[in-house]
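This structure is in structure tokens; I'll ask about it shortly.
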Amino acid sequence: MKYIGIRADGDCNKGMGHIVRCTSIAKEFNARGIKPIFITKQNESVSDLLSSHNLQYINIKSIDIKDEIKEIEKILKGLKINCILTDSYWLSNEYLERLKMISKILISIDDNSLYEYPSDIVINANIHAKDLNYKLKNKSCVTLLGTKYSILRKEFQDINPIEIKPNVDRILVSMGGVDVNNFTPIALESLSKLKYNIIIDVVVSNVFKYKENLINIAKKNNNINLIFNPINMKEVMEKCDLAISASGTTIYELGVLGVPTILIPQVDNQVNIAKKANDLGMMINLGKYNEIDLSKINKAVIRLINNIDIRAKMSKISSSSIDSNGVINIVDEIIKYQHSLEDKYENR
């Protein structure tokens, strides 16, 4: 296998999480001598992100499913790509079936058992993955489920958890790169009511719609430190004693570092993940963003600030629940599957 196609999309409205996690997998393929080619809807933010990682991409323009499949088929044939990975909520059962028809190996990343997958491999790296009932059209499909396959960036591989200190001096707020619900100002308003001398690090993307509003808030509060597109997210997280986060892929990075975290799901597909993290004692789930108020955030933060034992317990559970080498495990399994197909055809 010389190439792998990666069909994923992102934008400032829906978020960039699918693209970001695919870059981690893409880099591991690169390290194995297999070149990843992103196939993605034309979007400036996506193009900038992929270019910053030196990853090749091809933009597609089709709106109709049939036309898009034809466009992808042309790309696959032109580059002799026989393996394609999908990561998107904008697909359908029909789309996946058509994609399977034009690819030798179809791999799909999933979060909530969204489709009746015809795929050869389905990956769900979430903590609740094994609780889901997968309806697979391909009965010989290989499922890679759970945090053994956590999709973390390179800097989070083979690391040690943070030290849990008696005092909370620094809190991280991360509601997703594009913060689709503009929830960061609400979290900051709640934290402003704390009677503690605490630095608040706020991480968002440069393409965040309400960036200027955050800049104005920070100007009025000298304890707020804005970080746009951090070069090394691990270093940002390692400095903090506590985090308030959405429930996307960031929670696995916080988790592997053992950062005590309060979760506020921002979209429907994050709800079950946050509930499971809470049930396991890894993190505290406050509920979906539109179901909570400032006082609920405030009380949860104060409780953790005042109780090192709870923070230490959360840290121990979360850091031991996540495999920091999940991306390596994923690529190992994909290559193993590809080799098994080759052996199968050779023995015919």
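Numbers run from 1 along the shown chain.
Using the three backbone atoms N, Cα and C, a Cβ is placed for every residue, glycine included.
Okay, so TrEMBL annotates it like this:
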type     : residues       : note
ACT_SITE : His18          : active site, proton acceptor
BINDING  : Arg153, Glu253 : substrate binding site
DOMAIN   : 210-319        : domain 'Glycosyl transferase family 28 C-terminal'
With every protein chain in view, how many other Cβ atoms are within 10 Å of the Cβ of His18 (active site, proton acceptor)?
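Taking all protein chains shown, His18 (active site, proton acceptor) has 24 Cβ neighbours within 10 Å.
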So what sits near Glu253 (substrate binding site) in its own chain, CB-to-CB under 8 Å and at least six residues off in sequence?
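Listed in sequence order: Leu152, Arg153, Phe156, Met233, Lys234, Met237.
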Could you check what DSSP calls Arg153 (substrate binding site) once collapsed to helix, strand or coil?
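Reduced to three states, the DSSP call for Arg153 (substrate binding site) is coil.
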So if I draw a 10 Å sphere around the Cβ of Arg153 (substrate binding site), how many other Cβ atoms end up inside it?
18
Restricting to the domain 'Glycosyl transferase family 28 C-terminal' (210-319), report the mean pLDDT as a whole number.
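Mean pLDDT, the domain 'Glycosyl transferase family 28 C-terminal' (210-319): 96.
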In the domain 'Glycosyl transferase family 28 C-terminal' (210-319), how many residues does DSSP assign to helix, to strand and to coil?
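The domain 'Glycosyl transferase family 28 C-terminal' (210-319) comes out at 63 helix, 14 strand, 33 coil.
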Going by DSSP, is the residue listed as 'active site, proton acceptor' part of a helix, a strand, or coil?
helix
